[in-house]
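> Starting off with a structure, shown below.
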Amino acid sequence: MIHFNRKESNIFNSFKKKVRRLVYGEANSDLLNNNVRRMLITSLFCLVGIFFTGLLGIVALIKGDWLLSFILLFISCLYFFAVLFIRWATNYQLAGKLFIYPLYALMLYLVYTGGVSGTGHVWIFCVPAVSLFLQGLRRGVKELCVFSLLLGVILFFADDFRGGHDYDDVIASRIMYSFLVVVALSTIYEYSMSHYNKMLRESSYLLEKKAITDELTKLLNRYGMYEKLETSVSGRRHILLMDIDHFKQINDIYGHDAGDVYLEKVAQVLTSTIGPEGVVARWGGEEFLVLLSTSSIDEAKHWARRVCSDVCKLNVPHKRDLLQASISIGISKLEPDDMVHDSISYADAALYKAKREGRNRYVVATGQDESRRPW
Ligand SMILES: Nc1nc2c(ncn2[C@@H]2O[C@H](COP(=O)(O)OP(=O)(O)OP(=O)(O)O)[C@@H](O)[C@H]2O)c(=O)[nH]1
(Lines of atoms letter the chains of each structure in order from A and count residues from 1; the text may use other names and numbers.)
(Lines give C-alpha, C1' and ligand atoms only; values in the text may rest on other atoms or scores of the structure.)
Protein backbone atom coordinates (compact mmCIF):
# COMPACT_ATOMS: atom_id res chain seq x y z
CA MET A 1 0.00 0.00 0.00
CA ILE A 2 1.30 3.50 -0.83
CA HIS A 3 1.35 6.02 2.06
CA PHE A 4 1.67 9.73 1.33
CA ASN A 5 3.10 11.83 4.07
CA ARG A 6 1.56 15.25 4.78
CA LYS A 7 4.17 17.19 2.77
CA GLU A 8 3.77 14.95 -0.29
CA SER A 9 0.00 15.17 -0.16
CA ASN A 10 0.21 19.00 0.12
CA ILE A 11 2.41 19.13 -2.97
CA PHE A 12 0.05 16.74 -4.73
CA ASN A 13 -2.99 18.84 -3.74
CA SER A 14 -1.46 22.11 -4.88
CA PHE A 15 -0.41 20.46 -8.17
CA LYS A 16 -4.00 19.19 -8.56
CA LYS A 17 -5.33 22.69 -7.89
CA LYS A 18 -2.98 24.20 -10.48
CA VAL A 19 -4.04 21.66 -13.11
CA ARG A 20 -7.72 22.24 -12.31
CA ARG A 21 -7.26 26.02 -12.63
CA LEU A 22 -5.41 25.59 -15.93
CA VAL A 23 -8.13 23.37 -17.35
CA TYR A 24 -11.26 24.68 -15.68
CA GLY A 25 -10.47 28.38 -15.28
CA GLU A 26 -13.32 30.05 -13.41
CA ALA A 27 -15.84 27.33 -14.25
CA ASN A 28 -14.65 24.89 -11.59
CA SER A 29 -17.75 25.31 -9.41
CA ASP A 30 -20.25 24.86 -12.23
CA LEU A 31 -19.37 21.42 -13.54
CA LEU A 32 -22.96 20.17 -13.54
CA ASN A 33 -23.81 22.68 -16.25
CA ASN A 34 -23.70 20.78 -19.53
CA ASN A 35 -22.23 23.69 -21.52
CA VAL A 36 -19.51 24.30 -18.97
CA ARG A 37 -18.65 20.59 -18.92
CA ARG A 38 -18.43 20.46 -22.71
CA MET A 39 -16.29 23.57 -22.72
CA LEU A 40 -13.89 22.02 -20.24
CA ILE A 41 -13.61 18.71 -22.05
CA THR A 42 -13.03 20.50 -25.36
CA SER A 43 -10.26 22.48 -23.63
CA LEU A 44 -8.79 19.23 -22.35
CA PHE A 45 -8.85 17.69 -25.84
CA CYS A 46 -7.07 20.75 -27.17
CA LEU A 47 -4.43 20.59 -24.42
CA VAL A 48 -3.78 16.91 -25.13
CA GLY A 49 -3.69 17.77 -28.85
CA ILE A 50 -1.19 20.60 -28.28
CA PHE A 51 1.06 18.27 -26.32
CA PHE A 52 1.08 15.38 -28.78
CA THR A 53 1.17 17.30 -32.05
CA GLY A 54 3.78 19.64 -30.56
CA LEU A 55 5.95 16.76 -29.36
CA LEU A 56 5.64 14.74 -32.57
CA GLY A 57 6.25 17.94 -34.57
CA ILE A 58 9.53 18.50 -32.76
CA VAL A 59 10.52 14.84 -33.28
CA ALA A 60 9.73 15.16 -37.00
CA LEU A 61 11.76 18.39 -37.09
CA ILE A 62 14.77 16.67 -35.53
CA LYS A 63 14.44 13.81 -38.04
CA GLY A 64 14.35 16.35 -40.88
CA ASP A 65 10.80 15.59 -42.03
CA TRP A 66 10.02 19.25 -42.73
CA LEU A 67 6.54 18.86 -44.15
CA LEU A 68 5.22 16.60 -41.37
CA SER A 69 6.89 18.77 -38.75
CA PHE A 70 5.35 21.92 -40.25
CA ILE A 71 1.87 20.31 -40.34
CA LEU A 72 2.08 19.03 -36.76
CA LEU A 73 3.41 22.29 -35.32
CA PHE A 74 0.82 24.27 -37.27
CA ILE A 75 -1.95 22.10 -35.81
CA SER A 76 -0.45 22.43 -32.35
CA CYS A 77 -0.62 26.25 -32.71
CA LEU A 78 -4.19 25.96 -33.98
CA TYR A 79 -5.17 23.96 -30.88
CA PHE A 80 -3.47 26.54 -28.70
CA PHE A 81 -5.54 29.20 -30.42
CA ALA A 82 -8.67 27.03 -29.82
CA VAL A 83 -7.94 26.92 -26.06
CA LEU A 84 -7.55 30.70 -25.96
CA PHE A 85 -10.74 31.03 -27.98
CA ILE A 86 -12.69 28.91 -25.49
CA ARG A 87 -11.39 31.03 -22.62
CA TRP A 88 -12.05 34.31 -24.40
CA ALA A 89 -15.35 33.66 -26.19
CA THR A 90 -16.55 30.68 -24.09
CA ASN A 91 -17.59 29.14 -27.42
CA TYR A 92 -16.74 25.46 -27.21
CA GLN A 93 -18.66 24.58 -30.38
CA LEU A 94 -16.47 26.62 -32.70
CA ALA A 95 -13.36 25.57 -30.79
CA GLY A 96 -14.50 21.94 -31.23
CA LYS A 97 -14.63 22.46 -34.99
CA LEU A 98 -11.18 24.03 -34.87
CA PHE A 99 -10.08 20.82 -33.19
CA ILE A 100 -11.85 18.10 -35.13
CA TYR A 101 -11.36 19.19 -38.77
CA PRO A 102 -7.58 19.51 -38.55
CA LEU A 103 -7.63 16.15 -36.72
CA TYR A 104 -9.53 14.49 -39.59
CA ALA A 105 -7.14 16.03 -42.10
CA LEU A 106 -4.05 15.05 -40.13
CA MET A 107 -5.26 11.46 -39.68
CA LEU A 108 -6.03 11.06 -43.40
CA TYR A 109 -2.68 12.62 -44.27
CA LEU A 110 -0.85 10.17 -41.97
CA VAL A 111 -2.72 7.20 -43.46
CA TYR A 112 -2.03 8.48 -46.97
CA THR A 113 1.70 8.92 -46.43
CA GLY A 114 1.96 5.95 -44.06
CA GLY A 115 3.50 8.19 -41.37
CA VAL A 116 6.73 7.02 -39.74
CA SER A 117 7.62 3.51 -41.00
CA GLY A 118 4.05 2.84 -42.12
CA THR A 119 2.55 3.44 -38.65
CA GLY A 120 0.38 6.42 -39.66
CA HIS A 121 -2.85 4.47 -39.31
CA VAL A 122 -2.36 3.65 -35.60
CA TRP A 123 -3.55 7.17 -34.66
CA ILE A 124 -6.93 7.01 -36.39
CA PHE A 125 -8.65 5.07 -33.60
CA CYS A 126 -8.96 8.17 -31.42
CA VAL A 127 -11.12 9.83 -34.11
CA PRO A 128 -14.56 8.20 -33.47
CA ALA A 129 -14.81 9.05 -29.75
CA VAL A 130 -13.53 12.61 -30.22
CA SER A 131 -15.75 13.24 -33.24
CA LEU A 132 -18.92 11.95 -31.52
CA PHE A 133 -18.23 13.97 -28.41
CA LEU A 134 -17.43 17.24 -30.17
CA GLN A 135 -19.93 17.05 -33.00
CA GLY A 136 -22.77 15.28 -31.20
CA LEU A 137 -24.31 11.96 -32.14
CA ARG A 138 -26.01 12.83 -35.44
CA ARG A 139 -23.38 15.03 -36.96
CA GLY A 140 -20.60 12.89 -35.54
CA VAL A 141 -21.99 9.73 -37.18
CA LYS A 142 -22.40 11.53 -40.53
CA GLU A 143 -18.85 12.86 -40.42
CA LEU A 144 -17.50 9.45 -39.39
CA CYS A 145 -19.23 7.89 -42.42
CA VAL A 146 -17.50 10.39 -44.70
CA PHE A 147 -14.21 9.86 -42.87
CA SER A 148 -14.53 6.05 -43.17
CA LEU A 149 -15.22 6.37 -46.89
CA LEU A 150 -12.15 8.55 -47.42
CA LEU A 151 -10.13 6.21 -45.23
CA GLY A 152 -11.19 3.22 -47.35
CA VAL A 153 -10.28 5.00 -50.57
CA ILE A 154 -6.88 5.99 -49.19
CA LEU A 155 -6.11 2.54 -47.75
CA PHE A 156 -6.92 0.71 -50.99
CA PHE A 157 -5.86 3.25 -53.60
CA ALA A 158 -3.20 5.53 -52.02
CA ASP A 159 -0.37 3.74 -53.81
CA ASP A 160 -1.88 4.77 -57.16
CA PHE A 161 -0.97 8.38 -56.36
CA ARG A 162 2.36 10.11 -55.84
CA GLY A 163 3.62 9.83 -52.24
CA GLY A 164 0.84 7.44 -51.25
CA HIS A 165 1.74 4.52 -48.97
CA ASP A 166 1.35 1.02 -50.39
CA TYR A 167 -0.86 -0.97 -48.00
CA ASP A 168 -1.14 -4.70 -48.31
CA ASP A 169 -4.80 -5.53 -49.13
CA VAL A 170 -5.17 -7.76 -46.06
CA ILE A 171 -3.75 -5.08 -43.76
CA ALA A 172 -5.89 -2.39 -45.39
CA SER A 173 -9.06 -4.43 -44.88
CA ARG A 174 -8.12 -5.24 -41.25
CA ILE A 175 -7.47 -1.55 -40.52
CA MET A 176 -10.82 -0.74 -42.10
CA TYR A 177 -12.71 -3.42 -40.14
CA SER A 178 -11.17 -2.52 -36.82
CA PHE A 179 -11.83 1.18 -37.44
CA LEU A 180 -15.49 0.44 -38.21
CA VAL A 181 -15.76 -1.66 -35.03
CA VAL A 182 -14.43 1.28 -33.00
CA VAL A 183 -16.90 3.60 -34.77
CA ALA A 184 -19.80 1.26 -33.93
CA LEU A 185 -18.77 0.83 -30.28
CA SER A 186 -18.18 4.57 -29.82
CA THR A 187 -21.59 5.32 -31.37
CA ILE A 188 -23.36 2.89 -29.03
CA TYR A 189 -21.50 4.37 -26.07
CA GLU A 190 -22.24 7.97 -27.10
CA TYR A 191 -25.90 7.11 -27.68
CA SER A 192 -26.29 5.55 -24.24
CA MET A 193 -24.41 8.42 -22.60
CA SER A 194 -26.46 11.12 -24.31
CA HIS A 195 -29.66 9.26 -23.40
CA TYR A 196 -28.49 8.92 -19.81
CA ASN A 197 -27.42 12.59 -19.66
CA LYS A 198 -30.79 13.68 -21.00
CA MET A 199 -32.58 11.69 -18.30
CA LEU A 200 -30.21 13.05 -15.68
CA ARG A 201 -30.81 16.64 -16.82
CA GLU A 202 -34.58 16.14 -16.81
CA SER A 203 -34.65 14.61 -13.35
CA SER A 204 -32.29 17.24 -11.95
CA TYR A 205 -34.55 19.94 -13.46
CA LEU A 206 -37.60 18.33 -11.83
CA LEU A 207 -35.82 18.01 -8.50
CA GLU A 208 -34.68 21.62 -8.64
CA LYS A 209 -38.23 22.72 -9.41
CA LYS A 210 -39.64 20.57 -6.61
CA ALA A 211 -37.11 21.99 -4.17
CA ILE A 212 -38.35 25.56 -4.72
CA THR A 213 -42.08 24.87 -5.16
CA ASP A 214 -44.74 24.66 -2.50
CA GLU A 215 -46.60 21.38 -2.93
CA LEU A 216 -50.06 22.69 -2.01
CA THR A 217 -50.26 26.07 -3.75
CA LYS A 218 -47.65 25.48 -6.49
CA LEU A 219 -46.18 28.88 -5.59
CA LEU A 220 -42.50 29.37 -4.82
CA ASN A 221 -41.68 28.11 -1.34
CA ARG A 222 -39.58 29.97 1.22
CA TYR A 223 -36.33 28.56 -0.15
CA GLY A 224 -37.24 29.56 -3.72
CA MET A 225 -38.25 33.04 -2.59
CA TYR A 226 -34.99 33.48 -0.69
CA GLU A 227 -33.16 32.93 -3.96
CA LYS A 228 -35.23 35.69 -5.59
CA LEU A 229 -34.78 38.03 -2.64
CA GLU A 230 -31.04 37.56 -2.70
CA THR A 231 -30.74 38.19 -6.42
CA SER A 232 -29.06 41.57 -6.57
CA VAL A 233 -30.77 44.17 -8.72
CA SER A 234 -29.87 47.79 -9.15
CA GLY A 235 -32.93 49.42 -7.61
CA ARG A 236 -35.18 49.37 -4.54
CA ARG A 237 -37.92 46.73 -4.26
CA HIS A 238 -40.73 46.19 -1.75
CA ILE A 239 -41.77 43.23 0.33
CA LEU A 240 -45.39 42.47 1.30
CA LEU A 241 -45.48 39.88 4.08
CA MET A 242 -49.05 38.68 4.61
CA ASP A 243 -50.94 36.41 6.96
CA ILE A 244 -54.55 35.23 6.66
CA ASP A 245 -56.64 36.47 9.57
CA HIS A 246 -58.09 33.95 12.01
CA PHE A 247 -57.23 31.12 9.69
CA LYS A 248 -57.23 28.69 12.60
CA GLN A 249 -61.02 29.13 12.78
CA ILE A 250 -61.43 27.88 9.20
CA ASN A 251 -59.45 24.78 10.10
CA ASP A 252 -61.30 24.32 13.38
CA ILE A 253 -64.79 24.78 11.93
CA TYR A 254 -64.48 23.24 8.46
CA GLY A 255 -61.51 20.94 8.82
CA HIS A 256 -57.92 20.94 7.61
CA ASP A 257 -58.82 19.87 4.04
CA ALA A 258 -61.15 22.84 3.65
CA GLY A 259 -58.35 25.03 5.03
CA ASP A 260 -56.04 23.62 2.33
CA VAL A 261 -58.55 24.45 -0.41
CA TYR A 262 -58.88 27.97 0.96
CA LEU A 263 -55.08 28.39 0.94
CA GLU A 264 -54.96 27.26 -2.69
CA LYS A 265 -57.60 29.82 -3.64
CA VAL A 266 -55.81 32.62 -1.79
CA ALA A 267 -52.64 31.69 -3.70
CA GLN A 268 -54.56 32.00 -6.98
CA VAL A 269 -55.98 35.39 -5.96
CA LEU A 270 -52.52 36.68 -5.05
CA THR A 271 -51.01 35.47 -8.30
CA SER A 272 -53.72 37.05 -10.44
CA THR A 273 -53.82 40.31 -8.43
CA ILE A 274 -50.06 40.88 -8.42
CA GLY A 275 -49.50 39.55 -11.96
CA PRO A 276 -46.19 40.65 -13.49
CA GLU A 277 -45.66 43.33 -10.83
CA GLY A 278 -43.97 40.86 -8.50
CA VAL A 279 -43.29 37.31 -7.37
CA VAL A 280 -45.58 35.49 -4.94
CA ALA A 281 -44.43 32.78 -2.53
CA ARG A 282 -45.90 30.75 0.25
CA TRP A 283 -43.76 31.77 3.16
CA GLY A 284 -45.08 29.02 5.41
CA GLY A 285 -48.39 27.95 6.97
CA GLU A 286 -50.95 30.65 6.20
CA GLU A 287 -48.28 33.28 5.44
CA PHE A 288 -47.44 34.56 1.96
CA LEU A 289 -44.68 36.86 0.77
CA VAL A 290 -44.79 39.06 -2.31
CA LEU A 291 -41.65 40.62 -3.72
CA LEU A 292 -42.77 43.69 -5.65
CA SER A 293 -40.47 45.06 -8.30
CA THR A 294 -41.71 48.60 -7.75
CA SER A 295 -39.43 51.12 -6.04
CA SER A 296 -42.33 53.39 -5.07
CA ILE A 297 -43.91 53.03 -1.63
CA ASP A 298 -47.17 54.46 -2.99
CA GLU A 299 -47.34 51.67 -5.56
CA ALA A 300 -46.52 49.09 -2.87
CA LYS A 301 -49.43 50.45 -0.79
CA HIS A 302 -51.66 50.29 -3.86
CA TRP A 303 -50.87 46.57 -4.36
CA ALA A 304 -51.34 45.85 -0.64
CA ARG A 305 -54.75 47.57 -0.74
CA ARG A 306 -55.77 45.53 -3.78
CA VAL A 307 -54.66 42.28 -2.15
CA CYS A 308 -56.69 43.07 1.02
CA SER A 309 -59.74 43.88 -1.06
CA ASP A 310 -59.44 40.86 -3.41
CA VAL A 311 -58.92 38.40 -0.55
CA CYS A 312 -61.96 39.85 1.25
CA LYS A 313 -64.03 39.29 -1.88
CA LEU A 314 -62.93 35.65 -2.07
CA ASN A 315 -65.73 33.22 -1.25
CA VAL A 316 -64.76 29.56 -1.34
CA PRO A 317 -67.80 27.24 -1.40
CA HIS A 318 -67.64 24.42 1.12
CA LYS A 319 -70.69 22.18 1.37
CA ARG A 320 -73.48 24.64 2.13
CA ASP A 321 -71.20 27.39 3.43
CA LEU A 322 -68.86 29.92 1.98
CA LEU A 323 -65.35 30.20 3.39
CA GLN A 324 -64.34 33.82 3.85
CA ALA A 325 -61.44 35.57 5.52
CA SER A 326 -59.32 38.68 5.35
CA ILE A 327 -55.58 39.22 5.20
CA SER A 328 -53.14 41.49 7.02
CA ILE A 329 -49.99 42.82 5.40
CA GLY A 330 -46.66 44.30 6.51
CA ILE A 331 -44.74 46.34 3.95
CA SER A 332 -41.01 46.91 3.99
CA LYS A 333 -38.51 47.98 1.39
CA LEU A 334 -35.50 46.06 0.13
CA GLU A 335 -32.56 48.13 -1.05
CA PRO A 336 -29.77 46.46 -3.07
CA ASP A 337 -27.37 46.56 -0.12
CA ASP A 338 -29.96 45.63 2.56
CA MET A 339 -29.76 42.35 4.42
CA VAL A 340 -32.75 40.32 3.22
CA HIS A 341 -33.31 38.94 6.70
CA ASP A 342 -33.53 42.48 8.16
CA SER A 343 -36.08 43.65 5.57
CA ILE A 344 -38.25 40.61 6.29
CA SER A 345 -38.02 41.28 10.04
CA TYR A 346 -39.27 44.83 9.43
CA ALA A 347 -42.15 43.51 7.30
CA ASP A 348 -42.92 40.97 10.03
CA ALA A 349 -43.03 43.67 12.71
CA ALA A 350 -45.34 45.75 10.49
CA LEU A 351 -47.55 42.69 9.88
CA TYR A 352 -48.03 42.13 13.59
CA LYS A 353 -48.81 45.79 14.01
CA ALA A 354 -51.52 45.33 11.36
CA LYS A 355 -52.87 42.36 13.35
CA ARG A 356 -52.85 44.35 16.58
CA GLU A 357 -54.60 47.30 14.96
CA GLY A 358 -57.56 45.11 13.96
CA ARG A 359 -56.46 42.98 10.92
CA ASN A 360 -57.61 43.28 7.27
CA ARG A 361 -55.18 46.13 6.62
CA TYR A 362 -51.60 46.93 5.72
CA VAL A 363 -48.96 48.71 7.76
CA VAL A 364 -45.71 50.16 6.41
CA ALA A 365 -42.61 49.26 8.42
CA THR A 366 -41.07 52.08 10.39
CA GLY A 367 -37.49 52.49 11.48
CA GLN A 368 -35.93 50.97 8.36
CA ASP A 369 -34.15 54.22 7.44
CA GLU A 370 -33.04 54.86 11.03
CA SER A 371 -31.42 51.42 11.14
CA ARG A 372 -29.22 52.35 8.22
CA ARG A 373 -27.75 55.34 10.03
CA PRO A 374 -24.36 54.73 11.60
CA TRP A 375 -25.39 56.26 14.97
N1 LIG B 1 -55.23 23.68 6.40
C2 LIG B 1 -54.01 24.08 6.69
N3 LIG B 1 -53.76 24.76 7.79
C4 LIG B 1 -52.52 25.18 8.05
C5 LIG B 1 -51.45 24.91 7.19
N6 LIG B 1 -50.33 25.46 7.72
C7 LIG B 1 -50.69 26.04 8.89
N8 LIG B 1 -52.01 25.89 9.08
C9 LIG B 1 -52.84 26.35 10.22
O10 LIG B 1 -52.88 27.75 10.23
C11 LIG B 1 -53.29 28.11 11.55
C12 LIG B 1 -52.57 29.35 11.97
O13 LIG B 1 -53.15 29.79 13.12
P14 LIG B 1 -52.61 30.95 14.03
O15 LIG B 1 -51.11 31.09 13.83
O16 LIG B 1 -53.07 30.72 15.46
O17 LIG B 1 -53.21 32.25 13.45
P18 LIG B 1 -54.64 32.64 12.91
O19 LIG B 1 -55.72 31.76 13.38
O20 LIG B 1 -54.48 32.76 11.42
O21 LIG B 1 -54.87 34.03 13.58
P22 LIG B 1 -54.12 35.37 13.29
O23 LIG B 1 -52.92 35.09 12.50
O24 LIG B 1 -53.77 35.89 14.66
O25 LIG B 1 -55.08 36.25 12.58
C26 LIG B 1 -53.06 26.91 12.44
O27 LIG B 1 -54.29 26.35 12.80
C28 LIG B 1 -52.30 25.94 11.53
O29 LIG B 1 -52.59 24.59 11.82
C30 LIG B 1 -51.73 24.17 6.01
O31 LIG B 1 -50.85 23.88 5.18
N32 LIG B 1 -53.00 23.79 5.79
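Every residue gets a Cβ built from N, Cα and C, even glycine.
According to TrEMBL, the protein carries these features:
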- 235-367: domain 'GGDEF' (DOMAIN)
- 39-60: transmembrane segment (TRANSMEM)
- 66-86: transmembrane segment (TRANSMEM)
- 98-115: transmembrane segment (TRANSMEM)
- 121-137: transmembrane segment (TRANSMEM)
- 144-159: transmembrane segment (TRANSMEM)
- 171-191: transmembrane segment (TRANSMEM)
> Between 39-60, 121-137, 144-159, 171-191, who has the most Cβ pairs under 8 Å to the transmembrane segment (66-86)?
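Going through each listed stretch, the top one turns out to be 39-60.
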> In the domain 'GGDEF' (235-367), how many residues does DSSP call helix, how many strand, and how many coil?
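Its residues fall into 64 helix, 38 strand, 31 coil.
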> Report the mean pLDDT of the predicted model across the domain 'GGDEF' (235-367), rounded to a whole number.
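Average per-residue pLDDT within the domain 'GGDEF' (235-367): 96.
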> Determine which residues of the chain contact the transmembrane segment (121-137) at the Cβ level, with the cut-off under 8 Å and only residues 6 or more beyond its ends counted.
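For the transmembrane segment (121-137), the list is 41-42, 45, 96-97, 99-100, 103-104, 106-107, 110-111, 114-115, 143-144, 147, 151, 155, 175, 178-179, 182-183, 186-187, 189-191, 194.
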